[in-house]
Amino acid sequence: MLHTRIRRATLGAVAALSLVPVMACGQESSADAAEPAGSAPSSSAAAHKPGEVEPYAAELKALEDEFDVRLGVYAVDTGSGREVAYRDGERFPYNSTFKALECGAVLDKHTDREMDRVVKYSEDDLVDNSPVTEKHVEDGMTLTALCDAAVRYSDNTAANLLFETVGGPKGLDKTLEGLGDHVTRMERVEPFLSRWEPGSKRDTSTPRAFAKDLRAYVLGDVLAEGDRKQLTTWLRNNTTGDGLIRAGVRQGWVVGDKTGTGSYYGARNDMAVVWRPDGRPLVLNVMVHGHTKDAELDSELIARATEVVADRLG
């Protein structure tokens, strides 16, 4: 079995994992209502002995070693408050996963009528990886259509046009600060924000911080109910997530995710809300990069990290 092989390969790895947090437990609001912003439970070691390391840490460390990467994972069961946290407070490039949060901010800022406003742009505005916007230079696109393109197709030009409606990267950064996120640093637009270099803090966040932001928009009370449903629909119908978190969850679980891919260092991300038929949703963020500029990352890594989370929280 896959997980047995991983565990056996890392019996000696646990002692080296002093940075890995432990599981936490807490109580949440009713499943019938949106969660208040900022209601996510924080990690706690109260139920564990000092220095005790969770078994899942060895499995995630094994994946780091097998794929020769740096891996960050944060997941929370929004019903029980239990967490899986591995390098969850360390910085990683967020790449295109920000587009889910950007569209949450756009929905929050604009009325339904404003979301139907057509945005005009020219060929000069087009950047790489713009499969939807490149087809609508003549007629333009509504804010709703731009969000659909940004979240479901990771369209870079759509993301840049949406940036203009929320005050640019700095404006979105300030919006996230309003959610309690004082970690994320947003500075550049596409495609430059995906060109991360080791040691840089520009356009980075932590697995925990970005997951909490996604939770606030999708499950919290930041957005009106109709806007939450719209963002959820975009995420659930994402076209770029096959082989990532979707490939690692259990049968019957429904995933709404946003992926990200960096230009260098094999940087790869997937961030999701996962709805289970027999429990409250999970919120999961996996962030990865390699150690060399030309590194290539196999998407299997994110799927297998998701399997570890599913085993622990499922």
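Placement of Cβ uses the backbone N, Cα and C atoms for every residue, glycine included.
Look at Swiss-Prot and you will find S96 tagged as active site, acyl-ester intermediate. Mapped onto three states, the DSSP output places S96 (active site, acyl-ester intermediate) in helix.
As annotated by Swiss-Prot, substrate binding site applies to K258, T259, G260, with the evidence given as similarity to another entry. T259 (substrate binding site): 27 other CB atoms within 10 A of its CB, across all protein chains.
Under the heading compositional bias 'Low complexity', Swiss-Prot lists 32-47.
As annotated by Swiss-Prot, region 'Disordered' applies to 32-51.
Taken from Swiss-Prot, the feature signal peptide covers 1-26.
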Practice item. Just give me the nearest neighbour of S96 (active site, acyl-ester intermediate) among the binding-site residues K258, T259, G260, Cα to Cα. Key: G260
Check your understanding: Relative to the mean position of the Cβ atoms of K258, T259, G260, the recorded substrate site, which additional same-chain residues have Cβ within 8 Å?
Key -> N95, S96, T97, K99, A100, S154, N238, T240, G241, D257, T261, N269, D270, M271
